[in-house]
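J.: Here it is, the structure, as structure tokens.
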Amino acid sequence: MHSTAVSLIELGAVCFGLGVLGRLAWRIGISPIPLYLIGGLAFGHGGLVPLGGIQEFTDIAGEIGVILLLLLLGLEYSAAELVTGLRRSWMAGVVDLVLNAAPGAVAALLLGWGPVGALVMAGVTYISSSGIVAKVLSDLGRLGNRETPVVLSVLVFEDLAMALYLPILTALLAGVSFWGGMTTVGIALVTITVVLVVALRFGRYVSAVVDSPDPEVFLLRVLGAALLVAGIASQLQVSAAVGAFLLGIAISGSTAENATRMLEPLRDLFAALFFVVFGLNTDPRQMPPVLGTAVALAVVTTVTKLATGWWAASRQGVRRLGRLRAGAALVARGEFSIVIAGLAVASGSVSPDLAPLATAYVLLMAVLGPVAARVVEPLATRAMALLPQRV
Amino acid sequence: MAQENQESAPHGVASRQERVESARDTGGFVQNGVTWVSPQFHDPGCVAGRASRWFGWTGAGRAVIARAAMAWIGGYPRGVNVEVTPLPGIGTRQDFMTRSGRRVGVVTYRDGRFDLIISQREDPDACSASVPLTPEESATLANLLGAPQLVAQLRDEQRDVAGIATKQFPIVHGSPFDGRTLGDTAMRTRTGTSVVAVVRAGDVHPSPRPDFVFTGGDLLVVVGTSDGLRAAADLLAHG
């Protein structure tokens, strides 16, 4: 029997440790996500200091972390932005999808993980981390740049793609038949359409349900609504994360802004715990064998994101340097790749090597992304300066 | 939306009739022969905002035609094309290309903060400056840029009337009239001048009534004889 005191000490140590890691990360100018993952690896099975007593709490905290990550992603964009974004940038979005999902899927098939494993890895390599990208763009003062709307609209498309992808993935991971899968896809499509229409036409009524002038009441209502919707969605075999995401889209206007402001600290806390839980459940001793694959995937998907950004920006008449900046900004993968891998690992229907591969891959990309965004411009200018001398 | 308060009216030199019509079409109003258009960009994306506003057209396609036509007629159109670009998840970017070939504009965040942006000379896609401004700072900048325009315009209108001049006076924080009404100044009685407009936070309040309350940072646009204006300056400074 584990005493409460020990659990509290362990939890406190984990949170404090994460705080130290987070500060370190921002100091050296990278996202804290890789450091959280490393923290989890150090504490978990086969790690340096195995933790025992807080498993139950951290598991549910991790679940809440996923729900909050997706809820805030939904809150970030209004339904109108999603629809105009989709209309204007669907071609760039499709190019992004094809170029970046393919490497993951191919790698999984080559490793013999079957179609479900391929779908999971396609998601992991496809989705950029909108959190890291937004932070990097604003840190580097690029919000006023011409290529920035291009980058943002690619992110918008990715988020909509997630809303379709997650229910399909959940259904396939649960091992439903082909027709069962098609039904889930149909339900997902109908649900998303209904939510978008409701959000566009009746967004204020949805907002009114959760809105309150009292911050305490408001926080409880938003959080309660998110967990309820997520729970019901999960009961209906649609993923909990998708439920929260769609709720986020349906909440709009000033309510969405207030909710974002209020939930951000909670999201940061629970998401950090989610990354730790993912790290905890990954055995670091399994990582060296998959490291080669992870590095190869990192190289290939860096190039494919660069190509995506280059192509999308060139369609908007952005010059070469701007196209490179757009591509480099998209390189970072992070929280959502881990969310996808986490869903797959939890279901137990994929290869046990998937978690270490996804961890290694995200560790690389979350570090590489911000660095790439920073160095692409000086590197390109230097290369351009060198080029005429050789010719 | 906070940014609408921040947009003062830029002016072209269109004929008065045209100005009146365009102002009506766009929900602006005409006062003392000066058009105050409050631009409202409903159509996201690259809209030839200025051109469509002058002609009361809203369709983006028509705006493009209007822009092309203006370019063909000769040179740059009268106004400035403000390009409005939504930044999903962040806010909006509003900018325009200056004659010198640099983009100048603002990024408006959803929570009402502003960044003043100026593009690089070598790479117009990138920004050489991205200056965060508080609402107070952006209001001050808007006043600095907007008020002289207004005064110049009024000066033009009154050139025909000999002996009349237009001047702008600030109400500094802690001045005798900070927090008091226009009526309290007894400006007309004591100096013979008229306050024709007050510029506050980039917004123009034309023909203020006697119960209009001044606050620090306001700019008064005053019309009168040069002696009267001197007296008005003295009055505003010392009470």
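Each position is counted from 1, following the chain as shown.
The backbone N, Cα and C atoms fix where each Cβ goes, glycine too.
Sharing the features that TrEMBL gives for it:
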- A:24-371: domain 'Cation/H+ exchanger transmembrane' (DOMAIN)
- A:6-26: transmembrane segment (TRANSMEM)
- A:33-54: transmembrane segment (TRANSMEM)
- A:60-78: transmembrane segment (TRANSMEM)
- A:90-113: transmembrane segment (TRANSMEM)
- A:119-138: transmembrane segment (TRANSMEM)
- A:150-179: transmembrane segment (TRANSMEM)
- A:185-206: transmembrane segment (TRANSMEM)
- A:218-234: transmembrane segment (TRANSMEM)
- A:294-312: transmembrane segment (TRANSMEM)
- A:324-346: transmembrane segment (TRANSMEM)
- A:358-376: transmembrane segment (TRANSMEM)
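In the displayed structure, how are the listed features positioned relative to their neighbours?
T.: Same-chain neighbours of the transmembrane segment (A:6-26): 32, 34-36, 38-39, 43, 51-54, 57-58, 269, 272-273, 276, counting only residues six or more beyond its ends whose CB sits under 8 Å from a CB of the stretch.
Non-local neighbours of the transmembrane segment (A:60-78) in the same chain are 85, 130, 156, 159, 162, 199, 203, 226-227, 230, 240-242, 244-253, 256, 259-260, 263-264, 266-267, 270-278, 335-336, 339, 342; each lies 6+ residues outside the stretch with a CB under 8 Å from one of its CB atoms.
Beyond the transmembrane segment (A:150-179), the same-chain residues lying 6 or more positions past its ends with a Cβ under 8 Å from any Cβ of the stretch are 73-74, 76-77, 81-82, 85-86, 88-90, 92-93, 96-97, 116, 119-120, 123, 126-128, 130, 133, 137, 185, 187-189, 192, 237-239, 241-242, 245-246, 308-309, 312-313, 316, 318, 326, 329-330, 336, 340, 343-344, 347, 349-350.
When Cβ-Cβ distances below 8 Å are used as the criterion, the transmembrane segment (A:185-206) is approached by residues 78-80, 82-83, 160, 163-164, 167-168, 171, 238, 242, 246, 249-253 of the same chain, each at least six residues removed from its ends.
Beyond the transmembrane segment (A:218-234), the same-chain residues lying 6 or more positions past its ends with a Cβ under 8 Å from any Cβ of the stretch are 64, 67-68, 71, 209-212, 240-244, 246-248, 251, 258-259, 262-263, 266.
Proximity of distant same-chain residues to the transmembrane segment (A:324-346), defined by a Cβ-Cβ separation under 8 Å and at least 6 residues beyond the stretch ends, is recorded for 31, 33, 37, 62, 66, 69-70, 73, 96, 116-117, 120, 123-125, 127-133, 136-137, 142, 145, 147-148, 150-151, 154-155, 162, 166, 169-170, 173, 239, 241, 271, 274-275, 278, 281, 301-302, 305-310, 312-313, 318, 354-355, 358-359, 361-362, 365-366, 368-370, 372-373, 376-377, 380.
Counting residues 6+ beyond its ends, the transmembrane segment (A:358-376) has Cβ neighbours under 8 Å at 29-31, 33-34, 37-38, 41, 121, 124-125, 128-129, 132-133, 135-137, 140, 278-279, 282, 287, 290-291, 294-295, 297-298, 301-302, 324-325, 327-329, 331-334, 337-338, 340-341 in the same chain.
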